[in-house]
Amino acid sequence: MQSPHKPLGAAGTSPSSCWWPGRQHSFPEDGGHLRPGNKAVPGKGLCFQEQRRKPITPDLLMTPSDQGDVDLDVDFAADRGNWTGKLDFLLSCIGYCVGLGNVWRFPYRAYTNGGGAFLVPYFLMLAICGIPLFFLELSLGQFSSLGPLAVWKISPLFKGAGAAMLLIVGLVAIYYNMIIAYVLFYLFASLTSNLPWEHCGNWWNTDLCLEHRGSKDGNGALPLNLTSTVSPSEEYWSRYVLHIQGSRGIGSPGEIRWNLCLCLLLAWVIVFLCILKGVKSSGKVVYFTATFPYLILLMLLVRGVTLPGAWKGIQFYLTPQFHHLLSSKVWIEAALQIFYSLGVGFGGLLTFASYNTFHQNIYRDTFIVTLGNAITSILAGFAIFSVLGYMSQELGVPVDQVAKAGPGLAFVVYPQAMTMLPLSPFWSFLFFFMLLTLGLDSQFAFLETIVTAVTDEFPYYLRPKKAVFSGLICVAMYLMGLVLTTDGGMYWLVLLDDYSASFGLMVVVITTCLAVTRVYGIQRFCRDIHMMLGFKPGLYFRACWLFLSPATLLALLVYSIVKYQPSEYGSYRFPAWAELLGILMGLLSCLMIPAGMLVAVLREEGSLWERLQQASRPTMDWGPSLEENRTGMYVATLVGSQSPKPLMVHMRKYGGITSFENTAIEVDREIAEEEESMM
């Protein structure tokens, strides 16, 4: 029967398609555009004369250039972008994971927790917690091509976890760039013939300043009394760089240090210029910033092991003390090192993976990055402790009296060791340049995470103006970080470091793991990975995701609460109000999760249980971002989708079956079998 909305054409012509005012649209197969020979009929609507043409390719198999000027009733956002080179993603992940903590935290943790014996719990925790969670976050990002907020289309009930990620990464980015500013300060100070922290007698030095150079007698170095004196490098750091004597505590930060203020400004300018075009620009910068630190680390390692007394430090670093393995503290310290070193839960890995092609082999990349990160930490320990061994021999004191962790190692101990070497400004410049490149990679990831998350939420408004939005974020964070450039800025930095990414981050990762494996479903998640990579994760990954990783993180969370210690910096103890502020900072990220649940439930309809069920289910448009990658349950769920049939039906009909499309056929078959078994 002929449709009243599609009248027959004149005799001898093919039927025409018309658009009639006030009636349902009826367009021809070519999209309904006016062609030569078509005409508008006054008072009747716009009619299209259909042309004889060859059979067309199904829409889902057509490229945008094949589709011509098809005008759907959807305004698509600007292109999200992808990595432009094969190694962009891999190097970005390596640069993100291999950061300052590999140099100033791992070596210290290793020697204080059993030396070489520490490697046993370290690699065991890497297998139980590090590798599985790393792969889970990469899989989420690559499968959906979405940032930390929009990715929770997988289960809107837990979108608060994405908001918590953004809060955590925002706080970390503020103080992390201040550390880069300190590095820039020392980098510029190294551009001289004599390092300014080499001698006493400067205006910032006190009567306690003593140049720590052991005097020699016939039997070697005479030991120095380090407890009653202060080294020039320590006074340079505390009294000149920080000018901490100008502050009475965290409540009275004092004046802004304009040299630090300018260094912080330079740090933010560098970061902004590198992320100006998103991953297309930062993906090229990491070819230098992710690889050059290894060259410098190798140079420092070779120089260190050739120094007299170097073996003394290396022996102190790696001598196994297996009785430490009986202590729970050692296992907790190993898990903490893995957890923070890989950057799981900050959203950086998820963001980087979201710019991959759908079939990128992230399984291989996971092992390359995680094992490479571990090996880098071990090599950094050799480079650091070989120099500390030389330093202890020169001073005539045990290694444990010169070894420190954190900023104390980077800005006091190692700079002091550099003054004992020939060509000390050269080695000092190399060391701080290495720290600069290590820190910038991680900072790129923090900023890209924030920008990507927000632009994915509001793509039509922000994606075309992503560079401007990135600039506004950098300006806002620079202004918020100005308190760190004051005389008492180090107190605020310590507070942010201790609480911004402590127990709150663990809660976020535990929530993410449980939401994906328990609410979304481990079978469905593994099937998604099968569709993406061509194989399902094995028993090892499933066991870790379901039991081992959440249990380990829960143990870490309980341990951090039970063993809670107030923050301190040197001999300074933080007041109660500062401790409360830090705890609230950590709790705020945790509270975003139930707040997000409340919002998601209120948006649904029905009883409370029905609302919870609806909010926990994936949204209709959850799945691969490109329609050609959708199969089974994901077909025709995108806005503007033109295919009423499963994608693989088209694939089988028109040919072009690839290995990944065969995988999609298998996934279709599995879904059909599951549906039959449920009926």
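Quick reminder: no glycine exception, Cβ is built from N, Cα and C everywhere.
Listed in TrEMBL:
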TRANSMEM  89-107  transmembrane segment
TRANSMEM  119-140  transmembrane segment
TRANSMEM  161-188  transmembrane segment
TRANSMEM  256-276  transmembrane segment
TRANSMEM  285-311  transmembrane segment
TRANSMEM  331-355  transmembrane segment
TRANSMEM  367-391  transmembrane segment
TRANSMEM  426-447  transmembrane segment
TRANSMEM  468-493  transmembrane segment
TRANSMEM  499-520  transmembrane segment
TRANSMEM  540-562  transmembrane segment
TRANSMEM  582-602  transmembrane segment
>> Looking only at the recorded stretches 89-107, 119-140, 161-188, 426-447, 499-520, which one has the largest tally of CB-CB distances under 8 Å to the transmembrane segment (367-391)?
In response: 89-107
>> Can you see whether the transmembrane segment (540-562) and the transmembrane segment (161-188) are touching - at least 3 CB pairs under 8 angstroms, only pairs 6 or more apart in sequence?
In response: no
>> As a test: from 89-107, 119-140, 256-276, 426-447, 499-520, pick the stretch that has the greatest number of Cβ pairs under 8 Å with the transmembrane segment (285-311).
In response: 426-447
> Same-chain Cβ contacts of the transmembrane segment (161-188) under 8 Å, 6 or more residues past its ends?
Replying inline: 100, 148-152, 241, 259-260, 263-264, 266-268, 271, 345-348, 407, 410-411, 415, 428-429, 432-433, 435-436, 439-440, 442-443, 446-447, 449-450, 453-454, 477, 480-481, 484-485, 489, 492-493, 496-497, 500-501, 504-505, 507-508, 511-512, 515, 585, 588-590, 592-593, 595-596
> Looking at the transmembrane segment (468-493) and the transmembrane segment (89-107), are there 3+ C-beta pairs under 8 A, with each pair at least 6 apart in sequence?
Replying inline: no
> If you count Cβ pairs under 8 Å, which stretch among 89-107, 119-140, 426-447, 499-520, 582-602 touches the transmembrane segment (256-276) the most?
Replying inline: 426-447
> Where among 89-107, 426-447, 499-520, 582-602 do we find the most Cβ pairs under 8 Å to the transmembrane segment (119-140)?
Replying inline: 499-520
